[in-house]
Each structure stands twice: as structure tokens, then as C-alpha cells.
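Colleague: Take this structure, written in C-alpha cells, and hold onto it; I'll ask about it next.
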Amino acid sequence: MSFTDKQEALVNSSYEAFKQNLSGYSVFFYTVILEKAPAAKGLFSFLKDSAGVQDSPQLQAHAEKVFGLVRDSASQLRATGGVVLGDAALGAIHIQKGVVDPHFVVVKEALLKTIKEAAGDKWSEELSTAWEVAYDALATEIKKAMS
């Protein structure tokens, strides 16, 4: 099944909703990650020495990058049917930080919860599926770059 124009539009519109409250949704995203995997705190330089998830420019920049990469994956999937990493160093960075397969599952869950929060009454299974497909394609490419 190919990624449709509608799926791309759903990802784009909910990404814009996410960016409307980047500070709040960034804190929400990392709070969900640490609730699921407290040990993951050490993977993020902007969290490892803090008492908890505190808003910061680094936290917002990283969240915006993660969500932006998934949005870009949606665009690539619709246009070409595949995803190519724009940053070849992503694999090496994830290896250096100690990221392992279960971390991708935790991030996916946190991403979906955050988008659900941002989308509000526009949340739907169709929206969830669009984000899941785009995230899974991105995660697959990052994992390939890690091997």
C-alpha cells in the first residue's frame, strides 16, 4: 500500500498543530519517554543532568527535529515510496548514544501520544496510521544506518 496524499496532509496538519505549542508538546513527549523508559534519560544530553523534564531550547530543538524527520519521511513516502536519510550521521549518533531497538518502540509510543494530544478532536485512526507508517519507515532507515 502506498502512502497517500491524504496521509501526507494528515501528518503535515498535525505537525503544524504540534509546532503551535512546541514548548509544551516537547516537554510532554520527553515526559512520556521517561515514564516508559526512565533509563533513557542518559541518552539525551539535555536531560541526563536534570531533575526531570524541563523546557529548554535544546529539548525543543531535538523534539522539533524528531517530529520534523517523521514529517519529512511522510513526504518522501508519498513522493517516492521510500525514505532516504538526509543526515548520514544519524546511524552513528544513535550507536554512540547507546540506542537499542526497544528505544524505537518507546519513542514511537511517545510520538503518537504527543500527536494525539496536539491533534485534539482531529485525532483518528487514520491520522495515527499515517504517523506510524512514516515513523516506522524512518526508524527502519536509522536502524540500517546503525548496522
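Cβ atoms are placed via backbone N, Cα and C, with glycine included.
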Colleague: Where Swiss-Prot shows K65, H94, K97 binding heme b, which of S23, S45, S124, S128 is named for the same site?
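Modeller: Record source Swiss-Prot; matching candidate: S45.
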Colleague: Over the domain 'Globin' (2-147), what does the predicted model average in pLDDT?
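Modeller: Residues in the domain 'Globin' (2-147) carry a mean pLDDT of 90 in this prediction.
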Colleague: Using DSSP, what is the helix/strand/coil residue split across the domain 'Globin' (2-147)?
Modeller: 113 helix, 0 strand, 33 coil
